[in-house]
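Enquirer: A single structure is presented below for examination.
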Amino acid sequence: MEARVGVVVEGGQRARSSPTQVFQQPRQSQPSRSQTQTPNEIGTVQELLAGGVAGAFSKTCTAPLARLTILFQVQGMHSDVSALSKASIWREASRIINEEGFRAFWKGNLVTIAHRLPYSSVSFYAYERYKNLLHSILGENRRGNMSSDVCVHFVGGGLAGITAASATYPLDLVRTRLAAQGVGPSLAISFSVYETLRSLWQSNRPDDFPVMVSLACGSLSGIASSTATFPLDLVRRRMQLEGAGGRARVYNTGLFGTLGNIMKSEGLRGLYRGIIPEYLKVVPSVGIVFMTYETLKMLLSHIP
């Protein structure tokens, strides 16, 4: 005789079901990736894409100021001091437009983007990985502590800069000949200042628009990192271009010897030659990088 098990349903009526139906466990639905993903968490490919696009977009926007900065940095190599005092941003910009046209400000920009895309991708991705690693080493109970967070951001940024420079070295051999000496400190300061300012801002003004917070904090971090590392970048640039075009070599004593040579011939001001166009470049440039990166992360996190 076939066994039946009765169950009471609404209205007191008895419905019949087989034992397999009664004892079959209800199948629990597995949450989808979009349901388990936190709002700011994105995949590896998306994170690399966000960092690369942010860097390329920022470089394109500030290419004219980048070229002016380089022109000012290398002026002291083959110009006398009296000629240097007459140089100005607007005069150099007008000269470029008159001699080469407006498009000359973006000369070589595609090559720059070809380097910046992978460099920016690796630097942001590596920074996030180093930051998580350092937090796990220090212990999650230290997360949120101001001093430990600054240390994590500074060290993580420095390691990310060195990693990105090393990974993209073959793509830009000339520009990165001395990159590890300048990129590490620059990104260390930039990331640590940015994270610290953003954390302070959000704790005091949590309702402010996140995109504008990233833009403002990124701009200030760019000023801080440029001020600290500009002399080293100037020396690196001059050493890289030394002897170009068959010109006589000026610096033959290495990094510190070159610093001393510039101080002796041009004074302290010589180490910051071109700092004004550099500020005009990094304020929008670094701000745009962080703003674009955070915006893309937010948008990509909603893509299943």
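The backbone N, Cα and C atoms fix where each Cβ goes, and this holds for glycine too.
Summarising the annotation, TrEMBL assigns region 'Disordered' to 1-39. If you look up TrEMBL, you'll see 24-39 marked as compositional bias 'Low complexity'. Here TrEMBL flags 42-133, 209-299 as repeat 'Solcar'.
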Enquirer: Over the repeat 'Solcar' (42-133), what is the model's average pLDDT?
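Expert: Here the predicted model's pLDDT, averaged over the repeat 'Solcar' (42-133), is 79.
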Enquirer: Tally the residues of the repeat 'Solcar' (42-133) by DSSP class, grouping H, G and I as helix, E and B as strand, and everything else as coil.
Expert: 77 helix, 0 strand, 15 coil
